[in-house]
Amino acid sequence: MVAKILDGKQIAKDYRQGLKDQVEALQAKGFTPKLSVILVGNDGASQSYVNSKKKAAEKIGMISEIVHLDVTATEAEVLGELKRLNEDETVSGILVQVPLPKQVSEQKVLEAINPAKDVDGFHPENIGKLYIDEQTFVPCTPLGIMEILNHADIDIEGKEAVIIGRSHIVGQPVSKLLLQKNATVTILHSRTKDMHKHLKDADIIVSAVGRPGLVTKDDVKEGAVVIDVGNTPDENGKLKGDVEYDEVKEIAGAITPVPGGVGPMTITMVLNNTLIAEKLRRGIE
Ligand code: GUN
């Protein structure tokens, strides 16, 4: 079997067109969504993500700003900027790019975001709501993965879904979303004794570890759906997923490439959540 390629770039393009139309409709009512991003320090990958989010927001007619603080910024300074954005009437959504420098507590900062502007879904109130199946802001990579599966009409109910990685940003929330769709979910992590045993039974694999070459053709059942969240630059700066793409695509039923798979959908879901934040505060829909 040769896998169907799940083209996240194309799915994202179509989805963003829909968002652009909705932004225009809001603008006709006098409202323009605004996404504010706090970036602390000079990490190259974080800078590039943040710039991509800003550009994507502007491309669909939103306003976007990057609040860039020095790598030496104190926790109080970051919290001060956050307070200002929380109270700023023109700001619909706020995102604090992580990781933060070590002198700034990530937990304290994420807890300080106004939950109604928390378009990343990282505030404990929003995480809690996700786990009791209430409507809330859901982290963007998991949401993007679900949209890819939905777009490709992939049946989730009753399927064995195996997630590699238990992060708060991807592994745990995507497990919850798959559970909501009635998959049987297994989470693998660094202390798992026999990853291969679990992977061989999987109908759906989501790998979110950041270790190129982790998932090989020997791990994958014929026809399985393989979602690769890894994006690790190699020595030439080329992004590598966790999955041995060339060999796994020969046996999987469907697979996301890297780049051009999950990445573009993450950014799309940031825009989606920002639009929702703006609509909610204006009492629209
Ligand atoms: N760092 C890596 N992924 C993300 C993300 O989805 N949101 C934020 N804020 N920071 C990240």
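Glycine is no exception: its Cβ is also placed from the backbone N, Cα and C atoms.
TrEMBL entries are annotated by machine, without manual review.
Values in this document were obtained by computation on a predicted structure and should not be read as measured data.
For reference, TrEMBL has these:
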- 6-120: domain 'Tetrahydrofolate dehydrogenase/cyclohydrolase catalytic' (DOMAIN)
- 139-279: domain 'Tetrahydrofolate dehydrogenase/cyclohydrolase NAD(P)-binding' (DOMAIN)
- Gly165, Arg166, Ser167: NADP(+) binding site (BINDING)
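Highlighted in sequence order, Ile163, Ile164, His168, Ile169, Val170, Gly171, Gln172, Ile187, His189, Ala208, Val209 have their Cβ within 8 Å of the centre of the Cβ atoms of Gly165, Arg166, Ser167, the residues recorded for NADP(+), and are not part of that set. Mean per-residue pLDDT, taken over the domain 'Tetrahydrofolate dehydrogenase/cyclohydrolase NAD(P)-binding' (139-279), amounts to 98. Within the same chain, residues at least six positions away from Gly165 (NADP(+) binding site) with a Cβ under 8 Å of its Cβ are Gly171, Ile187, Leu188, His189, Ser207, Ala208, Val209, Val229. The number of other Cβ atoms within 10 Å of the Cβ belonging to Ser167 (NADP(+) binding site), over all protein chains shown, comes to 17. Sequence-distant contacts of Arg166 (NADP(+) binding site), defined by Cβ-Cβ distance under 8 angstroms and a gap of at least six in the same chain, are Gln172, Ile187, His189. DSSP assigns Ser167 (NADP(+) binding site) to coil in the three-state reduction, placing it in neither a helix nor a strand.
Note: the domain 'Tetrahydrofolate dehydrogenase/cyclohydrolase catalytic' (6-120) comprises 60 helix, 19 strand, 36 coil (DSSP; helix = H, G, I, strand = E, B).
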